[in-house]
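K.L.:
Quick one: the structure is below, questions incoming.
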């Protein structure tokens, strides 16, 4: 049996997330709450920890306080065996400037790699919702002999322009990689589908250091992992693709096998929440064999009183539903729904309060939003456009701490 290779995890968590505004007005995109008990970064960290990759640096930059605090409070490892998950804010090690791209973030953090001296480096994004066993991808990478392995997934061709598109041969060697093309290529067996990058990479350490340094010396580069680093290695014939569909996660159901969602827009973020609420959810939060770990608050259980009810919904700890109706919704912790209120098809983040007789439909309410007595959100869309952000799909998004 082969000894476990020495692996360093680097999580790219500096994203601003402009398309998720107002949810990112006060926090980095990976810190946005999700699913009633988590933040977006919890999915990648859970996948790495479940696979026993226990040396992880999280590179942060944009409005990172809540993200840094969340990692420090909820992701403490023992440290006795050299295990750690540590947030690393931008250090300006190469002069008085911030990260100019994801590749530059690694270039400015090469000291972390030199300190750890790993054989392989797992470079994953921090803002997707999915389960994955990265050890299986590492095995594929080692077997392939490539400098980099890119995790790939099939998506409808109409959606592929938002991603890096991959063309590979039968062995998995990448022949072409185009970042966010206007006219994405279809796959050989399905012209209506495209094979795209998930933003997750595994590098052999020396190869990563060499290509990062070469990119840093290129004045014409945008210093982006998908736009610059991967195409360099593809051009040299040293990049392989790992098919995410072959990844077998313990406890996965037939419905959520190979589930992966980019939640970079309000509509995608909303839709991913709606994947959680059915009797047989598209994405199952209750897989104990591959748990997603999140907030570790000590809260009382959720409570339903005076005939309050919740149907096809996820309700977080500490929440109270009193003589109110909740349907097809996700309620985070410490949410209060008062008498006669109706919440339908909505996402309520921690500390939200919905007053007596109020109605909330097809909406995302950020932390500590208060909906006043008899108020309505998501009922009169034109009125909502005057007050709040409304997505292309008609989802009403109300920013943190707003009183309505």
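Keep in mind that glycine also has a Cβ here, set from the backbone N, Cα and C atoms.
Dumping what Swiss-Prot says about this protein:
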type	residues	note
BINDING	99, 164, 179, 180, 197	alpha-D-glucose 1-phosphate binding site
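What's the neighbourhood like for these features in this structure?
P.N.:
Residue 164 (alpha-D-glucose 1-phosphate binding site) falls within a strand segment according to DSSP.
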K.L.:
Under 8 Å Cβ-Cβ from residue 179 (alpha-D-glucose 1-phosphate binding site), six or more apart in the same chain: what's there?
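P.N.:
Expected: 164, 165, 224, 226, 227, 230, 231.
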K.L.:
Among all protein chains shown, how many Cβ atoms are found within 10 Å of the Cβ of residue 164 (alpha-D-glucose 1-phosphate binding site), not counting that one?
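P.N.:
A count of 24.
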K.L.:
Which ones in the same chain are close to residue 180 (alpha-D-glucose 1-phosphate binding site), with CB under 8 Å and 6+ residues apart in sequence?
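P.N.:
Within the chain, residue 180 (alpha-D-glucose 1-phosphate binding site) has Cβ neighbours under 8 Å at 161, 162, 163, 164.
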